[in-house]
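Enquirer: Once you've had a glance at the structure underneath, I'll fire off some questions.
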């Protein structure tokens with residue numbers, strides 16, 4: 001593995017020509033979080049590397065995942081009659097999630113503050129963001145679990161894929177327009193998740209079993225919000241931004257084939273993993289849901305980083321491996 005050529009010299013040369021361009025129009029982010037992050041970053045020493053901030057924030061998410069894996073490995077702890085996750089774990093999860101979100105918000109500001117912004121730093125940041133998707137989803141899942149009033153493991157599998165495709169959509173926009181349009185749903189979801197963890201510590205997981213209206217449960221609201229946000233906000237906005245670039249003749253790729261090529265690997269991963277879920281003789285998803293979700297999330301992150309490294313250089317996206325002939 002140490003001798004494997006992950007990035008060619010030609011690709012590395014492209015990094016020198018890369019210019020970061022992003023648009024963040026979310027009111028929560030613009031009027032609340034960015035002022036907060038600007039305040040926080042002033043307390044960081046200038047010798048603190050931005051990549052270390054990024055990695056530390058990511059490790060808070062991994063720590064959340066490991067804590068819940070210890071107390072609720074198979075997602076059954078929230079079910080009636082089971083020993084529930086201790087309240088202090090939810091308090092820690094809420095704090096760690098917000099710390100991760102905060103560090104993810106200040107790492108770029110620290111890089112600009114210390115004049116150490118690099119394309120490799122951005123690749124490191126967004127690569128970890130792609131891997132973080134599975135840790136977010138799996139940790140939240142422990143609130144509802146897979147009990148009678150919970151969310152089925154198959155349903156959660158498809159919800160995970162909705163989240164993963166929502167992530168790749170933003171970078172697909174950038175691939176085609178040259179601008180990273182930061183999704184509105186991310187900031188709202190991170191603040192909401194942090195609060196839900198803290199509320200769960202106070203009221204207990206049993207509260208989420210209560211119907212909101214008639215037979216409509218909180219688990220249904222959870223599922224509805226993720227799917228609705230993806231298909232009514234994230235997807236339409238991505239298509240709109242790409243169409244806008246096309247009409248203004250600023251689209252980076254004129255061919256339809258090139259424009260949609262980045263979706264090929266994630267779609268192929270989705271198809272293969274879904275075939276495994278459906279055709280597994282041992283019913284792998286019911287048997288080892290946490291492990292399977294982690295496998296899917298890790299494979300997705302690997303695919304995403306390969307694509308992002310292509311986006312950062314001036315070459316067109318290619319299906320070839322870096323050291324292939």
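Just so it is clear, glycine is given a Cβ too, placed from its N, Cα and C backbone atoms.
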Enquirer: Which one of 28-46, 85-103, 104-122 shows up in TrEMBL as transmembrane segment?
Expert: 85-103
Enquirer: Counting Cβ pairs closer than 8 Å, which of 52-73, 85-103, 123-144, 151-172, 259-279 has the most of them with the transmembrane segment (291-309)?
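Expert: Out of the listed stretches, 123-144 contacts the transmembrane segment (291-309) most.
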Enquirer: Count the CB pairs under 8 A between the transmembrane segment (151-172) and each of 52-73, 85-103, 259-279, then give me the winner.
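Expert: Per the Cβ under 8 Å count, 259-279.
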